[in-house]
Amino acid sequence: MLITIVNETQFKLQSNNTPAQTEMKFSSNEQQDKDSLNETASTAGGNVEGVPSGTPGRGERNKENESAAVQLSSSSPPSRSLVSRILARARSPNDLLDHTEPFSQLWIVLSNVYGELVIVLMMALCLAEVMDTPVPLLSLQGIFLMYLYVGSIAVIIGIYIWVLFDSCASLNGTRTGIDDVEIGGTSITRFGSLKRAHISRARTAPTSFYIRVGALLFGLATLVFNGLEMAMHSMMQGAECLSDVVFAHPVLHGLFTFLQMHFLFVNSQVLVERFGLAARFGFTHLAATNIAVWARLVIWDSAQEWTYFVYLAQRGSQTSASTLNLRGFPGSLTRHSRDLLVDSTPEDGSIFKPYRPISNEQISQVIALQECLNTNTLGQLWTSSLPFLYPFIVQFSLIAAAVTFVMGQNVGRSRVPLKQKFHGGKDLTSHARVGCDGSSKGLFLGILCMVAGIVVILIFLVVREDEHFSTVTLSWLTCGTLIGILALSGLMTSTGLIQIRQMPVVTRAPAALDSLLSNVAIFGVQLYSIFTIVVCACSLALLEAETEDGEENEDSSFSFGTSENGGEAQEGNARQTRGRHIMLLSASILQLIQCFAQSTLIAETSRRSCITRFQMLAKPGRQVITFLLFSNAVLWAFDTVITQNWISQELQLRFFGVLVWGILSRIGLPLLIFYRFHSCVLLLEAWNKCYRTPRGEHPLN
C-alpha cells in the first residue's frame, strides 16, 4: 500500500515539477487531492496495449520513486487513515452520477421505467386494435406514434441546439471555462447552463466506424420505405378510408429517421458530460421509440396477415392481387374452412356452421384497409417491398436503440481519465499500413465462397416465380449451398480458435455497444435456429410414424388388389418431404454450432494482439479471419434475399401456422441477419487491430 501511494505521488510530482506546489495542494484542498489520487490510481493501473515511447524504464522509475520518497518524507502531510483510503478508492472515476444533481438514482430509475412503459404501451395499443375488439384500426396507435416521433425529433433538435450554444461559447473566447470542464472542474462562462449541458467532443465513446456506416445504409433503406409510403398516400384514390393522422406517419417517420441517421453518424461518439435530467430521459425516449417501432411492425404485420389468411380460407381465393400474394406466400398454404358443430337435435340432425376464429366485423376492417392501400400501383409496390425492406428497418432500429441506450448510460461521466485508451484507439490504427500479408489463402477462398453464394442468389431471384421450375429443386439448391458455406465456416473457425491462442492476451476491454449488440444478435440466431430444429425434428418423427402406418395399410391393400400407382406417388412425396426436413435440420444445427464457435473466436480476438516479431510475421489466425469476413458477408446477403422469403420458410409455416411463425420470424430472422453484419464489423476490426503494434513501439524479439 505504501509503495502504491508513493508511486501515485511521484506521478503527480512529475506533472507539477515542484514539490512546493504539491505541498500547497495538500494543505489547501484535501478533497481535491483525494479525487486526484483516485483518478491517478485508475490511470496508472497498467497499460496493456504497450508502453508508450519516451516513458522511463522500470529501473529508472524505481530510482525516481526512491528519490521522491526521500523528498516527501519531510514535506508530505500525515498519512490518512485506512478507512479514508478505502473510501477514496471505492468511488469509481467513471461515476455515472453527478453529485451536484439531487436524487440522481431516482431520476435514473424513472427514466428506465419510462422507456419500458413506452414499449409496453405500444404493444398494448397495437394488440387492442389488431385483435377482435371494437377498437378501430390505426386509431390509438396512430396518436401514440405521433407522440413518439415528435418527441424523438424534439430530442435530437434540442441536442443540436445545445451543441450550437456550446460551439458559440467556445468561439467567444471562453476557452478557459471549457478546458476546466474537460478536466472535471467548473465552467465559468457567460452561458450558465453550459455547466449542465456541456457535450465533450475531446473524449469519444467506442462506437465503431463500420457500425455507423451500417446504420447509414440501413437508414437509407428505411427512407426508401418511407418514400414509397408517402408516394402511395399522395396517389391514393378514395382517401376517406384513412385519417389525417395516418398520412402524417410516413412524413414524421422519415424525418425522424433522417435526423437520427445524421446524429448517429456524426455524434454517436460524443460523451454527454453534464446534460441534466433531460438528457437521460431524451436518450431513453430515443431508444424506446426505436424498439417500439420494431414491436409495432411485428404485431401489426403478423396480425394483418393472419386476418387476411383467415379471410381467404373462408371466402376462397380472390382474382385480384391480395396482400399474401404480394408478399410471396405459396398458394398451397391456404387451408379449407373448418366446420364447427353449433346445434344438434335428433329430429333434424346436426347443423354445422363455418368456424370463424375472427369476427366478420374485424375481417371487414382489415380487408377495407388493405384494399384502400393497394388501390394503385405504388401501393402494391409498397406492400410487395415490405418483406425485403423490413430487415433493414429492424437493423437500423436495433443499432439506433443500442447506441442511444449506451449514450444514455454514459450521461454524467465527466471524470474520465484523459490518458485512458478506449477500445479502438487511434494509436493502434493510424500508424500502420494496411496489407494482405498472411491472408492471401483466406482471401481467395472467401472470394470463391462469395461467388458461389451470389450465383445461387441470382438463380433464386430468377426462377422463384417460374411455374415450370420445381420448388423442391430450388429448396435443395439453396439449402445445400447454405450447408456448404456453414460447414466450411465452422471448420475454419475451429482452426482459428487454435491459431489465435498463439497471440498473447492484452485484456483489451470490449466496448459496451459491441457486447450489447452481440448478445441481442446471438439471441436471434438461437430463436430462429432452435424453432426450426423443433419443426424438423417433430415433422420427421410424424413422417416416420405415417410411414409405418402406410406399410401396414399396404399389406392390407394387396389382399384387395389395389393399384400401386397411388402408393408409389405418396411414397415419393414422403421421401422428398423427408429429405427437405433433413436438409433444413442439418442447416439449422450447423448454424448454431458455427454461431457459437465464431462468437468465441471474436471474443478471443478482441483480447489478443501481436507483440513479438515472430507473431507479426506469422500473423496467426489472419487467414481464418479473412475467410470468415467474406463468408459472413455472403451469408448476410443470402439470409436477406433467400431466407427471409416465404418460399424458404414453407415447412415452418405449415407446422406453426401463419400467425405464430409470422411473429417468430419477424423477431428472430432480422436478428440473424444483423448477426452476420455485426460479425463482419467485429472481424474487420480484429483484422486491422490484432496484427499491429501500438504507436511508436517496436515488436519484441
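Even glycines carry a Cβ here, placed using N, Cα and C.
If you look up TrEMBL, you'll see 15-30, 556-565 marked as compositional bias 'Polar residues'. The region 'Disordered' annotation in TrEMBL covers 15-79, 550-573. Feature annotation from TrEMBL assigns compositional bias 'Low complexity' to 67-79. What TrEMBL lists as transmembrane segment is 106-131, 143-165, 209-227, 247-265, 277-299, 388-408, 443-463, 475-498, 519-543, 582-603, 624-647, 653-675.
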Worksheet item: Looking at the stretches 106-131, 247-265, 388-408, 519-543, which one shares the most CB pairs under 8 Å with the transmembrane segment (143-165)?
Response: 247-265
Worksheet item: Counting only residues 6+ away from its ends, which parts of the chain sit with a Cβ under 8 Å from the transmembrane segment (277-299)?
Response: 101, 107-108, 111-112, 114-116, 118-119, 122-123, 126-127, 130, 141, 145, 148-149, 151-152, 155-156, 158-159, 253, 256, 260, 390, 393-394, 397-398, 400-402, 404-405, 407-408, 411, 663, 666-667
Item to complete: Using a Cβ-Cβ cut-off of under 8 Å, list the residues of the same chain that are 6+ residues beyond the ends of the transmembrane segment (519-543) and lie near it.
Response: 398, 402, 574, 577-578, 581-582, 584-585, 588-589, 591-592, 595, 599, 651-652, 655-656, 664-665, 667-672, 674-675, 678
Discussion item. At a threshold of under 8 Å on Cβ distances, which of 209-227, 247-265, 388-408, 475-498, 653-675 pairs most often with the transmembrane segment (624-647)?
Written reply: 475-498
